[in-house]
């Protein structure tokens with residue numbers, strides 16, 4: 001009985017749906033002739049024929065069909081329809097909100113809204129003439145003055161906005177290397193110009209690092225000027241006597257230039273290196289109070305702050321790059337529209353800049369097309385081809401791992417050999433050669449081994465973007481592994497603790513001031529690397545570029561043709577910055593030297609880019625380049641931070657020099673300083689690391705994480721809805737254009753028929 005009733009209800013509902021669908025087809029015909037007749041009767045029917053409206057009507061019919069199965073499913077469908085109606089009402093409210101925006105043709109109620117509307121005009125996609133006309137209409141309209149505090153707030157906000165605009169204009173005019181960056185962008189694209197902006201970013205970072213070191217470490221040494229220990233008595237401790245021996249040791253008779261290049265002799269006893277700094281706590285009077293300044297505490301605190309500031313700066317820049325990369329990845333559907341219709345800079349006012357901008361847009365479109373072509377080739381590979389390719393890639397990776405191990409062994413052997421030979425020889429030239437031999441070996445491997453990697457990666461058949469990434473990973477491993485092996489080689493010398501009554505371990509060859517010894521090696525490595533860049537750019541690559549330009553033979557082109565290899569140049573810069581982080585503890589003035597090096601490196605890389613090289617076949621996008629730079633820089637920062645942290649926490653300082661002499665570890669001084677702090681500071685820090693604070697803080701962080709995750713999910717859902725609406729709007733425009741062209745054709749045919757009929761009438765009358 002109930003089954004029959006259900007069947008009757010089902011048949012009845014199905015009849016209503018079929019009738020509704022027939023009514024929809026009758027009301028909104030698809031035939032062009034019927035459509036023309038309907039629109040002649042009621043033009044408002046055109047709005048109901050838009051694809052977005054039909055999509056909503058079809059979705060409603062489908063929901064009604066799916067709602068006739070069971071009562072439970074009908075309730076779910078009704079809830080969905082309510083959500084759809086809610087979303088529809090929300091979209092309707094949004095349309096109403098848009099329609100309620102103030103009309104610029106009407107009178108303006110007050111100065112505040114007039115100013116806000118003038119600001120809105122600047123963002124409108126219209127010509128400058130129309131913007132000026134709309135602005136003059138608003139300014140000439142009768143306004144009602146604000147009164148009292150509202151007028152003061154509006155004027156203050158207006159003045160602050162104008163001040164920000166003026167500051168931004170001044171900063172844009174004073175921007176460093178602005179013309180050079182525009183020229184590079186016009187010839188090589190946004191990805192390459194992002195590399196030069198990265199160099200500029202590192203320059204400002206190193207300036208900030210040096211300012212911190214100068215204010216809190218170097219300047220107190222200059223102001224208080226502590227005297228070096230000169231006398232050692234029998235009742236003095238061994239540390240004081242070791243310091244006297246170190247500072248009274250005879251300075252070498254080498255040339256001033258040789259001492260400057262090696263960081264030895266007179267330069268060793270300057271503010272440049274760690275060993276010169278005092279371990280005193282300076283006192284000074286201020287307003288009848290005695291104040292204290294602990295240089296050792298300032299030294300270790302500044303190093304920790306430098307590492308933290310560098311980490312925060314890298315993470316912020318990386319997050320910004322990831323955000324732009326995600327936006328670019330989600331905008332693949334309309335990337336060509338953005339490049340073609342919204343890529344032009346309307347502030348360009350001369351022909352040269354316009355030609356450069358055309359090249360930029362051309363390179364961007366070329367890069368997008370190249371990426372799509374490679375994706376299609378990847379999808380068309382057979383299973384057998386994939387198996388062979390995977391086996392070949394595994395074999396090549398094994399070869400490269402063996403090469404990396406051989407490079408590490410070579411660095412360790414060369415460092416040990418040079419240290420032994422340098423202690424045995426008295427010849428100045430041989431001593432200089434043995435001193436620079438480890439640095440020359442590392443730089444040679446950094447130049448030669450990437451060429452082998454570049455030759456092998458051709459046989460792995462990766463896409464150009466992935467080739468860049470895999471080469472970067474391998475070269476980063478090479479350079480960072482070379483630094484780790486280099487540091488481990490020095491660790492075998494400096495980790496030997498001296499025996500009782502001795503200042504250093506002579507059996508291991510440990511120097512009296514091993515911190516300065518490490519700083520000297522990093523200093524020599526930085527100079528060798530910088531000199532290599534100069535030689536390769538101006539002595540090797542520049543004549544090659546001249547051969548390529550002057551001769552047209554294939555052999556000359558093979559020898560002289562050079563592409564701007566962005567990953568290689570990025571590694572050069574990041575490797576230099578890694579040396580800066582690694583050496584700023586052992587040589588506090590090293591960041592100032594690296595600021596000068598980076599300034600010269602900008603011009604060296606600019607010469608290599610504009611003169612020696614041609615644009616690469618692989619087009620680098622700015623967002624991908626920035627994120628790539630920051631990821632590699634973050635990995636290099638971690639590798640540079642670990643040895644410094646291990647030095648501070650575990651290795652025993654020298655007894656002869658430095659601010660931490662006569663201590664077991666450097667961090668033990670921080671522990672003693674914490675014990676001497678007031679009790680309320682100790683209790684507060686103990687509370688921060690206790691469970692009473694850690695557990696609630698952890699729960700709050702989890703809640704905040706959940707909240708932002710929910711907000712992110714809601715935003716993603718709204719983005720998908722807006723994308724669907726944009727697609728439907730595009731279909732609506734296409735539909736309207738088709739109907740418009742059809743209407744124009746019908747009008748033209750009607751006019752032709754009228755002319756023919758008039759001609760027939762005239763012929764009949766004649």
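In case you wondered, yes, glycine gets a Cβ from its N, Cα and C as well.
No curator has checked TrEMBL annotations; they are predicted automatically.
Straight from TrEMBL, the features:
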REGION    57-92  region 'Disordered'
COMPBIAS  64-79  compositional bias 'Low complexity'
TRANSMEM  188-219  transmembrane segment
TRANSMEM  297-315  transmembrane segment
TRANSMEM  390-415  transmembrane segment
TRANSMEM  435-459  transmembrane segment
TRANSMEM  466-488  transmembrane segment
DOMAIN    513-623  domain 'TMC'
TRANSMEM  585-604  transmembrane segment
TRANSMEM  625-646  transmembrane segment
TRANSMEM  687-708  transmembrane segment
* Secondary structure composition of the domain 'TMC' (513-623) [DSSP: H/G/I, E/B, coil] -> 87 helix, 2 strand, 22 coil
* Asked: Residues sitting near the transmembrane segment (188-219): Cβ under 8 Å, six or more positions beyond its termini, same chain?
  -> 176-177, 180-181, 271, 277, 295, 298-299, 301-302, 305-306, 309-310, 313, 317, 359-360, 363-364, 367, 564, 566, 569-570, 573, 577, 580, 584, 588-589, 591-592, 594-595, 598-599, 601-602, 605-606, 609, 615-616, 619-622, 624-626, 629
* To do: Take the transmembrane segment (625-646) and find every residue of the same chain, 6 or more past its ends, with a Cβ under 8 Å from one of its Cβ atoms.
  => 190-192, 194-195, 198, 303, 307, 310-311, 314-315, 317-318, 320-322, 324-325, 468-469, 472, 476, 480, 483-484, 487, 566, 570-571, 574-575, 577-578, 581-582, 585
* Asked: Across the domain 'TMC' (513-623), what is the average pLDDT of the model, as a whole number?
  -> 85
* To do: Six or more residues out from either end of the transmembrane segment (585-604), which same-chain residues have a Cβ under 8 Å from its Cβ atoms?
  => 177, 196, 199-200, 202-203, 206-207, 209-210, 213-214, 217-218, 263, 271-274, 277, 303, 515-516, 518-519, 522-523, 526, 530, 533-534, 537, 572-573, 576-577, 579, 644, 647-648
